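Input: a single structure, listed below in structure tokens.
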Amino acid sequence: MKEHRTRKRFGQHFLHDRNLVDRMIRTLGLQTGDTLVEIGPGRGALTYPLLEELPHLHVVELDRDLIALLRQENTPERLTIHESDALRFDFRTLKPADKPLRVIGNLPYNISTPLIFHLLAQADAISDMTFMLQKEVVERLTASPGTRDWGRLSIMVQYHCQADYLFFVPPEAFSPPPRVDSAVVRLIPHDSPPHPADDEDHLRKLVAQAFTQRRKAIRNGLKSWVSAEQFQAVGIDAGLRPDQLSVADYVALANISRPPADVEDANAPHTEQGKGDNSQ
């Protein structure tokens, strides 16, 4: 592929280590009939090796210069290019009738977290996602309760899927080299949550509220949300810190509680703020 100048606003760091590319592809265990979509193909470091293994590949790319280069070097029969912002793309449209979609990508670090939640909202169409991300984010995605990396991101992602740390990727595997280490993670959406929440929006807000006082007992952060009697009813020690509770614990607390009246009012449709809390 011809030379392309990286664009800082797209968070572009292009992978160029073929050994790591091959290792990432091997972890997929590609099978005949798989429908795979690559997010952010860039210069094709993953794209071309994937096309050696597959008869056809979908890619989602926003950079028009890269799209032009990909179109010059590939036919639509082999490579379908979707010119779109991945954060707005409807991945369900790519799912075949008989099998779920598979997703892969070296994701721009500046959009990785919102993009993962965008994909999880469409998880009914996806069997698995394999991503190269900032190592710190991968450690948070795959963390366990009681560890320093366990937090809002860990809980909400693991509510929706199984998260597995696959392998480390050094900065020199990219051009230009990022200032951080990277790693590869696999996310496998649950067919249904092992611990279903009655209201996922309430669960998300409760988890966010709990971690406003990460180093204190959870009773402090959830003082207006969960009563002492409710903690006792679900068998959770209110003296534990927020990072010591599991996904199941948070679901139990969410299912037995309601947000304080002022939080409900702030998110009611008739208020001026009516958009609610969309933070993750």
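Note that Cβ sites are derived from N, Cα and C of the backbone, with glycine treated the same way.
A quick note: this is a predicted structure, and the numbers were derived from the prediction, not measured.
If you look up Swiss-Prot, you'll see His13, Leu15, Gly40, Glu61, Asp85, Asn106 marked as S-adenosyl-L-methionine binding site. Sequence-distant contacts of Glu61 (S-adenosyl-L-methionine binding site), defined by Cβ-Cβ distance under 8 angstroms and a gap of at least six in the same chain, are Gly40, Pro41, Gly42, Ile67, Leu70, Ile81, His82, Glu83, Ser84.
Positions annotated as region 'Disordered' by Swiss-Prot: 258-280.
Gly40 (S-adenosyl-L-methionine binding site) has a Cβ environment of 25 other Cβ atoms inside 10 Å. In sequence order, Val21, Gly42, Ala45, Leu46, Asn106, Met132, Ala173, Phe174 are the residues near Leu15 (S-adenosyl-L-methionine binding site), counting only same-chain partners six or more apart with C-beta under 8 A.
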